[in-house]
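Student: Can you read through this structure? Questions will come right after.
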Amino acid sequence: MKISISGASGRMGRMLQEAATQIARLEIVSLLDQGMTDEQLLEGLRAADCLIDFTRPEASMHYLPLCEELGTKMVIGTTGFTAEQKHRIEQAAQKIAIVMASNMSFGVNVTVKLLQEAAKLLKNYDIEIFEAHHKHKVDSPSGTAIMMGEAIADTLDVNLADVADWTRHGQVGARKDGHIGFSVVRGGSIVGEHKVMFCGEGEVIEITHKSSSREHYAEGAFKAALFLESKDTGLFDMQDVIASDL
């Protein structure tokens, strides 16, 4: 499968280039980066079957219509999209096949499954989501933390937007039943840490995922690209990719 990588000079772009050498079924045919003209981007995308995109929302939204035009599939690992941008991606998936996930890690997606099972059994527990990342990360909370919150909220049959406590400062009053709290740390070179606490009377259950390297994100992105080989259209996530391996 022929792959194009956007954000080629960024952290994930460099990791993808390095990790791709270990995957026999993949060939990197073009590298895209900021500063390139649309003509140059189209030339790079035209040579590829799939674009792997770990950039920023504005960049991803620029690549989207170009991929639609050429029929190039997309693996989108970018986070921080608005509701309107997500809707635009859903529309594009009617023309091309797309995997979009806030986190491509197999371990993180298994963690999400565990959180859903825990939420079913611990419905009366208070839930807090903690995440920590390096000081250069621009979105907060992380897309992964939001993904975890959405998975828990869906399991509890509520809308995350209605129960999320994004910030706490000053005299905020007692904790509201059924709410999901978020806490964020930014500092140093932390690759990524996510911890979900289910707090009951006299006990706390914690489910934690820690990343020490970005390599597993790259591996997940490549699995997602290979998953799309047999797809023409549709919007998928990493749960679909993992299920196809079972």
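Positions of Cβ are set from backbone N, Cα and C atoms, glycine also.
Heads up, TrEMBL stuff is auto-annotated, nobody curated it.
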Student: According to TrEMBL, GLY7, ALA8, SER9, GLY10, ARG11, MET12, GLY77, THR78, THR79, ALA101, SER102, ASN103, MET104 bind NAD(+); so which of ASP33, ASP126 is the extra one listed there?
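Tutor: Candidate in the recorded NAD(+) site: ASP33.
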Student: Within 8 Å of the Cβ centre of HIS134, GLY143, THR144, which other residues of the chain have their Cβ, at the recorded (S)-2,3,4,5-tetrahydrodipicolinate site?
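Tutor: Counting only non-site residues, the set is THR79, SER102, ASN103, GLU131, HIS133, LYS137, ASP139, SER142, ALA145, GLY192.
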Student: Need the DSSP three-state call for THR144 ((S)-2,3,4,5-tetrahydrodipicolinate binding site) to compare against my parser.
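Tutor: Helix, per DSSP.
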Student: To the nearest Å, how far is the Cα of GLY143 ((S)-2,3,4,5-tetrahydrodipicolinate binding site) from the Cα of LYS137 (active site, proton donor)?
Tutor: 11
Student: Rank the recorded positions HIS134, LYS137 by how many other Cβ atoms lie within 10 Å of each Cβ and give me the one with the fewest.
Tutor: HIS134
